There are 2 protein chains.
Amino acid sequence: MTGEGPATGTGEFALIDKVFKPLAAETPAALGLTDDAAVLAPAPGRELVLTKDAMVAGVHFLETDAPGDIARKLLRVNLSDLAAMGARPIGYLLATFWPEKLALDWIMEFADGLRLDQAEFGIGLLGGDTVRTPGPLSLSLTAIGDVPAGGALRRNAAREGDLIVVSGRIGDAALGLLSLTGELAGLPDAERDYLRGRYHLPVPRLALGAALVGKVRAAIDISDGLIADIGHIAEESKLGALLDWEKVPLSAAARAALARDTALIEPILTGGDDYELAFTLPPGDAGLLEALAGAGGVPLTVIGEMTAGDGVRVRRPDGTEIPLKARGWQHF
Amino acid sequence: MTGEGPATGTGEFALIDKVFKPLAAETPAALGLTDDAAVLAPAPGRELVLTKDAMVAGVHFLETDAPGDIARKLLRVNLSDLAAMGARPIGYLLATFWPEKLALDWIMEFADGLRLDQAEFGIGLLGGDTVRTPGPLSLSLTAIGDVPAGGALRRNAAREGDLIVVSGRIGDAALGLLSLTGELAGLPDAERDYLRGRYHLPVPRLALGAALVGKVRAAIDISDGLIADIGHIAEESKLGALLDWEKVPLSAAARAALARDTALIEPILTGGDDYELAFTLPPGDAGLLEALAGAGGVPLTVIGEMTAGDGVRVRRPDGTEIPLKARGWQHF
């Protein structure tokens with residue numbers, strides 16, 4: 001591990017000693033963060049899976065978010081990528097770009113968040129870098145997991161006629177973000193807190209992802225939005241997708257919000273950050289879903305099917321198509 | 001691979017298609033960058049080595065540096081960490097934080113730099129993320145290599161009496177940086193260009209690192225500065241180190257600069273960025289050095305020995321100790 005600290009009066013190596021080494025203490029591959037790199041081999045018969053996500057204050061999280069929540073979300077969005085591939089998590093490397101005025105207390109709270117989720121998901125810090133930036137707090141995390149050799153779930157494996165299945169509830173995180181930014185007001189407190197919580201602290205569907213290996217065809221996590229991510233499966237599989245709006249699983253809070261404002265159908269279908277899994281399997285395998293839901297610890301819902309053609313369409317119960325302006329998370 | 005692009009008029013997925021997918025085209029583990037993660041297994045009998053370094057415009061490189069050079073230096077400093085562990089490189093994941101006004105041309109030149117060095121070092125892009133930042137251009141790269149199982153070089157393996165050996169020439173990069181920032185003027189053009197080149201485009205000593213596996217005790221790359229990095233070996237090995245100033249290998253350009261200003265001994269010994277390797281081996285194994293230099297394609301020089309005690313001392317030919325104010329690269 002290498003790096004510099006923020007202007008906390010704590011030198012770079014002291015910061016690594018104080019903040020990061022404890023996070024690596026139980027991970028032999030990290031070599032105690034004393035060396036230039038971590039050393040790691042997958043267990044026999046397994047392959048490593050590597051993913052990397054970056055986040056910037058003011059763009060991907062709010063400056064006022066709790067430091068521990070920022071840390072946990074960073075970790076969890078990466079773990080969700082592992083879940084989408086069917087991988088079980090092993091550990092992570094972390095690059096932190098600290099603004100010069102960031103307080104050491106802030107960093108310690110950030111580290112507390114990492115510690116909580118390391119325990120939650122059975123992973124450890126493997127290495128990384130910590131540098132100073134004149135810009136906003138920025139973070140990059142590389143998560144490492146493993147899958148049975150040859151078993152990684154892919155986006156490109158859907159076939160025409162496959163059922164499309166999603167885990168959990170869709171749209172909560174997008175509504176939570178609208179609430180946080182003030183664009184969705186008037187929610188009862190309990191619904192507001194639930195939706196914001198779904199935005200702040202997604203639950204990577206790791207047990208489900210691991211259970212899907214060898215059982216389903218294509219898989220993805222819903223980070224860009226339901227339409228965009230089903231669209232990724234469709235595009236990579238050279239197919240289209242047809243979703244039934246009334247089958248899309250909504251939380252009670254989302255249903256209540258939607259009852260007050262039907263225009264929320266748009267963020268629910270196209271907003272990101274739910275970090276549920278979507279996958280496809282042949283109609284004849286629908287009988288597997290109950291066992292998969294049990295193994296994953298999360299409800300599963302069939303919401304549509306893969307079709308010939310391309311693109312993702314969503315139909316109402318009367319058969320008409322729902323027009324959607326946005327197609328998912330893009331920064332333009 | 002996931003991400004957003006800068007405000008170039010190019011959407012995130014178009015940017016990935018245009019800039020990044022070509023860089024991953026020859027790396028099967030990258031899965032064409034179509035999925036959430038890369039899938040990788042070390043060859044039989046080998047382990048993976050993972051390292052991550054971060055860089056920020058204005059802190060770790062100059063805003064005016066050529067985009068291709070920035071890309072190559074980012075890659076090379078990470079490859080140098082692999083070299084220090086004795087690993088051969090496989091590929092990398094890249095997180096880019098693009099300022100909003102960055103031109104697409106700049107990004108294409110950056111990608112050209114990556115392409116050059118991918119060919120140079122036989123590696124490929126495995127995945128990553130690209131996001132937008134209101135701050136300075138920031139970069140984080142995770143490099144992956146492999147070593148024979150159990151063979152990774154460590155910092156903590158030096159023993160008392162070991163010879164301390166460095167590759168190449170020491171101090172060039174620190175002098176090059178002083179020249180770039182205007183603190184070292186009056187250099188002849190050829191010397192100036194040589195020293196600046198050593199700062200801009202370090203050469204990771206990968207062949208040497210691989211040749212050291214199983215042959216030497218402790219190893220490190222010289223990124224923080226000669227004194228600091230020998231200090232890391234000393235600290236992790238619970239020893240001290242005694243260096244002979246007149247043995248420290250200097251380039252002709254560094255010798256000439258030093259002849260004009262003897263105070264340059266300080267940046268030469270404590271400045272970073274040389275990315276040479278330092279390692280230790282028993283005095284009885286000194287006969288290996290010629291073969292190791294041949295395998296590594298770089299001269300090797302014995303500059304001192306590991307001692308009891310702690311700390312790093314540098315002595316002059318008359319036996320007096322050189323006082324050093326700075327102990328290496330820290331941002332405070």
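Note: Cβ is positioned from N, Cα and C throughout, glycine not excepted.
Per TrEMBL, the feature Mg(2+) 3 binding site maps to B:D36, B:D81, B:D221. B:D36 (Mg(2+) 3 binding site) counts 29 other C-beta atoms within 10 Å of its own C-beta, drawing on all protein chains shown.
Taking all protein chains in view, 29 other C-beta atoms sit within 10 angstroms of the C-beta of B:D81 (Mg(2+) 3 binding site). Sequence annotations record features per position, and here TrEMBL assigns Mg(2+) 2 binding site to B:D53, B:D81.
There are 30 other Cβ atoms within 10 Å of the Cβ belonging to B:G128 (ATP binding site). TrEMBL lists B:G128, B:D129, B:R155, B:S223 with the feature ATP binding site.
Using a 10 Å radius centred on the Cβ of B:D224 (Mg(2+) 5 binding site) and all shown protein chains, the other Cβ atoms total 24. B:D224 (Mg(2+) 5 binding site) carries neither a helix nor a strand DSSP state and counts as coil. Residues annotated as Mg(2+) 5 binding site in TrEMBL: B:D224.
The domain 'PurM-like N-terminal' feature in TrEMBL is assigned to B:35-146. Across the range of the domain 'PurM-like N-terminal' (B:35-146), the DSSP-based residue counts are 37 helix, 47 strand, 28 coil.
Residues or ranges marked as domain 'PurM-like C-terminal' by TrEMBL: B:159-314.
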Cα separation, B:G128 (ATP binding site) to B:D36 (Mg(2+) 3 binding site) (Å, whole number): 9
Nearest of the binding-site residues (B:D53, B:D81, B:D221, B:D224) to B:D129 (ATP binding site) - Cα to Cα: B:D53
Rounded Cα-Cα span from B:R155 (ATP binding site) to B:D221 (Mg(2+) 3 binding site), Å: 10
Chain-internal residues, separated by at least six, CB under 8 A from B:R155 (ATP binding site): B:A218, B:A219, B:I220, B:H232, B:I233, B:E236, B:S237
Among B:D53, B:D81, B:D224, which are recorded as binding-site residues, the nearest neighbour of B:G128 (ATP binding site) by Cα: B:D53
Alpha-carbon spacing, B:D81 (Mg(2+) 3 binding site) to B:S223 (ATP binding site), which is rounded to whole Å: 9
